[in-house]
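Working notes, structure below.
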Amino acid sequence: MGQTKSKIKSKYASYLSFIKILLKRGGVKVSTKNLIKLFQIIEQFCPWFPEQGTLDLKDWKRIGKELKQAGRKGNIIPLTVWNDWAIIKAALEPFQTEKDSVSVSDALGSCIIDCNENTRKKSQKETEGLHCEYVAEPVMAQSTQNVDYNQLQEVIYPETLKLEGKGPELVGPSESKPRGTSHLPAGQVPVTLQPQKQVKENKTQPPVAYQYWPPAELQYRPPPESQYGYPGMPPAPQGRAPYPQPPTRRLNPTAPPSRQGSELHEIIDKSRKEGDTEAWQFPVTLEPMPPGEGAQEGEPPTVEARYKSFSIKMLKDMKEGVKQYGPNSPYMRTLLDSIAHGHRLIPYDWEILAKSSLSPSQFLQFKTWWIDGVQEQVRRNRAANPPVNIDADQLLGIGQNWSTISQQALMQNEAIEQVRAICLRAWEKIQDPGSTCPSFNTVRQGSKEPYPDFVARLQDVAQKSIADEKARKVIVELMAYENANPECQSAIKPLKGKVPAGSDVISEYVKACDGIGGAMHKAMLMAQAITGVVLGGQVRTFGGKCYNCGQIGHLKKNCPVLNKQNITIQATTTGREPPDLCPRCKKGKHWASQCRSKFDKNGQPLSGNEQRGQPQAPQQTGAFPIQPFVPQGFQEQQPPLSQVFQGISQLPQYNNCPPPQAAVQQ
């Protein structure tokens, strides 16, 4: 059933020891065998049970419910398991508060007090008048939901093992050395205390001194000395120690201190270990000071610069936002703008904010664009009339005069605004790894892309590639029309150059293109294609040019110019009578253009109306004389060719025809 007993015992050894002590305090003794059997059943039917164990009563109630469900399904649950489960649940009930949580400090204190009583009874039997006092101290949170079980093992489990005869070897005072004192700062050296009263034990256990290693989250760090006359952290109240005094007798930790926390906690701890006492002490806040003696009316009040730390939650949100959405996502831009305009950030603050949020490659880009923007701003300051006395060292927070925070805190508002604009501009130019910034000329609207999406992409690319705001606005307005698809261009064309002053050109373009590409627009285009009507209301029946007038939209036969000429000719010809007989047929008084006669007055056919005869075959001509074909056997009967031509020439109609040369030669 599940894992073997040896594995269960080794896995839950520390927790089993604690449960036995807890039950022993309540007057109940449970054998280790029965507890191992209980945890075997829990391991089988409750796989969610933590390896470190739990003191929460809700978890043990949940174990009971799941064991009941397993029993209803036919699984056999031994009776001893039910008894042990009920005993443990009853033992945990007194430790529950109104919030159903376990006060671990109370549990530890009560258990250690029981150990104290048992030890006192044993010591009184051997030596009289000797006793040992244990002082319990809360070292963890009040709720078991936030209990660090690693710390729980460090404090309790060695003591329980010692009570069972398997405790760790104790180190004498001469051999005890603070753990890690060679490489830890003063605020993190483990506390080593001597016992208040020496305990005479047997010869195998001489008087000892134990080390107490507080967790990293609870270690006390002295407030850093500030350069400005005020501490960076509030000092501890007078009359008590900055951290609760450790007990007079502590146990050697079985594991190194837990380093739980986010990356931000590690950065803060690292900066403090390196001696950076001013880490995370930003931004600067200006507070008016009360007027001093001799102050005149109307004199501006004196202002004192102070630091106020950002919350850890805000810095964590910045880091997670950059990691999930990217440094230039709409969420990150909005968050960064609110931070930049809501606080008085100096160059040191911008550098710390970028280091904590950006990756190394992104921070390198930010620093590069920051320096580039500073050089451009310095040129503008020098060219201004009058020149602005703000140099590059002040905008970068470097040099002899601006390298410290106290010097940067005295920067003028104009310099703070310039640093803000430069850093925001540099942040916008940060690119994600593997991505490139395209040219604004290559940003074109797709055939099915909404016009607002196209304009948003165009503005984003122009903002990254064009520094001057006026030039960027002109380029965006131009490319919003030139790079749009034909449908949006036809809708924008009537507005181009006619937008009234004071109105946003891009907003008017977006209004004009509203609905293009949708179902209504497609239906309208289909209806216009069927009826031959376009948006302008023109009729399109022919796409070519007229051969008469050269205009587009009609054929020559429908040309209005030609029809107008025909009407004019008819009006001019039919309005008067012909002066004489028809010059063509000579038979009537009508115009020659209106003559339809086929014969003239003499009966001769007129040209153009005579019927043509049958077409004749073309005559063959060549360099050789034509020899008629004569079949064999008829050559003697055929007369010579010369006689044939002589007979033909005697005919009256062929008297003038000369004989062929071949016939003459014969």
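Placed from the backbone N, Cα and C atoms, the Cβ positions cover glycine too.
Taken from Swiss-Prot, the feature N-myristoyl glycine applies to Gly2, supported by sequence analysis.
What Swiss-Prot lists as region 'Disordered' is 165-205 (among others).
Swiss-Prot lists 217-264 (among others) with the feature region 'Disordered'.
Sequence annotations record features per position, and here Swiss-Prot assigns compositional bias 'Pro residues' to 232-247.
Look at Swiss-Prot and you will find 544-561 (among others) tagged as zinc finger. Across the zinc finger (544-561), DSSP assigns 2 helix, 2 strand, 14 coil.
The zinc finger annotation in Swiss-Prot covers 580-597 (among others) and rests on sequence analysis. Looking just at the zinc finger (580-597), the mean pLDDT is 84.
According to Swiss-Prot, the region 'Disordered' annotation covers 598-641 (among others).
Annotation source Swiss-Prot lists compositional bias 'Polar residues' at 604-622.
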Counts by DSSP class (helix H/G/I, strand E/B, coil) across the zinc finger (580-597): 3 helix, 0 strand, 15 coil
